[in-house]
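This report concerns only the one structure given below.
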Amino acid sequence: MTFQHAGVIGAGAWGTALAQVCARAGLTVTLQAREPEVTASIAAERENTLFLAGVKLEDAITASTDMAALAGCDLILAVPPAQHLRSALTALKPHLKPGAPVVLCSKGVEQGSLKLMSDVAAEVLPGAPIAVLSGPSFAGEVARGLPTAVTLACEDEALGRRIGQALAIPTFRPYWADDVIGAEAGGAVKNVLAIACGIVEGKGLGRSAHAALITRGFAELTRLAVALGGKSETVAGLCGLGDLVLTCSSPQSRNMSVGLALGGGQTLEQALAGKVSVAEGVASAPAVRALAHSLNVETPICEAVAAILAGEVDVDSAILGLLSRPLKAEV
């Protein structure tokens with residue numbers, strides 16, 4: 001059976017970009033938005049002027065604020081902010097077509113419960129087939145048709161490959177993996193590390209420090225993924241290392257831009273002011289820190305970011321703390 005009708009929950013930049021991918025892959029697409037102005041601009045101008053201005057949307061995409069509009073969809077892509085995934089899936093539940101797979105595209109750790117997105121989905125939608133999509137992908141580039149490759153993680157290989165085939169176009173290549181946990185851990189932790197890289201850039205600490213931070217951050221990401229039950233090989237791929245390198249290397253990254261502002265002397269409130277899109281790392285940092293503590297996993301960079309965001313320490317003191325750590329073997 002092939003998929004015909006995709007429903008995308010969340011009409012932010014990434015949700016809109018994924019709607020473009022689905023439409024270009026030949027699917028009919030219903031894009032569910034919280035904001036009436038988004039559905040109005042898509043209907044009138046074929047453009048999401050709030051979150052993805054300047055990108056004309058495919059004709060196969062229709063938008064609605066009503067979750068019931070997804071009732072006939074045989075494939076769901078869930079793309080709300082990570083901290084809103086539970087409420088979004090709860091709203092979807094009475095309208096979810098039996099057997100329709102839910103592809104989780106939100107990256108983060110839920111505050112309070114410290115659960116990964118797949119655990120949240122399993123609680124809200126017991127029995128629903130779940131997959132995870134993650135990888136190096138800026139929304140604007142994907143929406144404009146620039147090429148990338150991503151990980152499509154699903155424990156059911158046959159289903160994972162079917163979903164990958166349904167979403168595949170020449171400029172968007174999903175690679176199947178069976179390690180859902182590894183794929184999720186990579187996506188959640190890299191957002192926190194991107195804030196750290198932004199701070200390094202904002203403080204003018206140089207390219208050497210930037211490269212060292214990405215490398216040591218990747219070690220933290222890997223340790224946490226393995227402690228959660230993921231595979232180191234998974235996070236060495238697109239959903240971990242690939243996503244990390246992209247997110248930590250460009251001010252296009254919402255998380256890195258927050259770090260740049262913090263490194264430049266702004267407060268967190270100033271860094272977030274005027275942003276319509278969510279920097280997931282801000283909400284995930286305290287959850288990642290708490291999760292690492294619960295698993296007894298050492299994550300000093302993530303710890304420092306969480307402390308800065310919580311106002312427990314200033315940027316300069318956090319940097320000094322990292323540079324003053326005892327020397328140890330690299331591996």
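Residue numbering: from 1, along the chain as shown.
Here the Cβ of each residue, glycine as well, is placed from N, Cα and C on the backbone.
Annotated features in Swiss-Prot:
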type     : residues                                                       : note
ACT_SITE : Lys190                                                         : active site, proton acceptor
BINDING  : Trp14, Arg34, Lys107, Ala139, Arg254, Val278, Glu280           : NADPH binding site
BINDING  : Lys107, Gly135, Ser137, Lys190, Asp243, Ser253, Arg254, Asn255 : sn-glycerol 3-phosphate binding site
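Annotated features, which come from Swiss-Prot, shown on the structure.
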| residue | record | Cβ neighbours (10 Å) |
| --- | --- | --- |
| Arg34 | NADPH binding site | 15 |
| Lys107 | NADPH binding site | 30 |
| Gly135 | sn-glycerol 3-phosphate binding site | 23 |
| Ser137 | sn-glycerol 3-phosphate binding site | 24 |
| Ala139 | NADPH binding site | 22 |
| Lys190 | active site, proton acceptor | 33 |
| Ser253 | sn-glycerol 3-phosphate binding site | 23 |
| Arg254 | NADPH binding site | 23 |
| Asn255 | sn-glycerol 3-phosphate binding site | 27 |
| Val278 | NADPH binding site | 22 |
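Nearest neighbour of Asp243 (sn-glycerol 3-phosphate binding site) by Cα distance, taken over the recorded positions Trp14, Arg34, Lys190, Arg254, Val278: Lys190. The shortest Cα-Cα distance from Ala139 (NADPH binding site) to any of the recorded positions (Lys190, Ser253, Asn255) is found for Ser253. Checked against Ser137 (sn-glycerol 3-phosphate binding site) by C-alpha proximity, the binding-site residues Trp14, Arg254, Val278, Glu280 yield Trp14 as the nearest. Packing around Glu280 (NADPH binding site) is summarised by its Cβ count: 25 other Cβ atoms lie within 10 angstroms of its Cβ, all protein chains included. Sequence-distant contacts of Trp14 (NADPH binding site), defined as residues of its own chain at least six apart whose C-beta falls under 8 angstroms from its C-beta, comprise Val79, Cys105, Ser137, Ala139. When the binding-site residues Arg34, Lys107, Glu280 are screened for a C-alpha within 10 angstroms of the C-alpha of Asn255 (sn-glycerol 3-phosphate binding site), the residues that qualify, in sequence order, are Glu280. Taking the Cβ of Asp243 (sn-glycerol 3-phosphate binding site) as centre and 10 Å as the limit, one finds 27 other Cβ atoms among all the protein chains shown. For the pair formed by Lys107 (NADPH binding site) and Ser253 (sn-glycerol 3-phosphate binding site), distance between Cα atoms is given as 13 Å, rounded to the nearest Å. Take the Cα of Val278 (NADPH binding site) and measure to each of the recorded positions Gly135, Lys190, Ser253: the nearest one is Ser253. Put simply, Glu280 (NADPH binding site) is 10 Å from Ser253 (sn-glycerol 3-phosphate binding site) when counted between their Cα atoms. Lys190 (active site, proton acceptor) and Glu280 (NADPH binding site) have their C-alpha atoms 10 Å apart, to the nearest angstrom.
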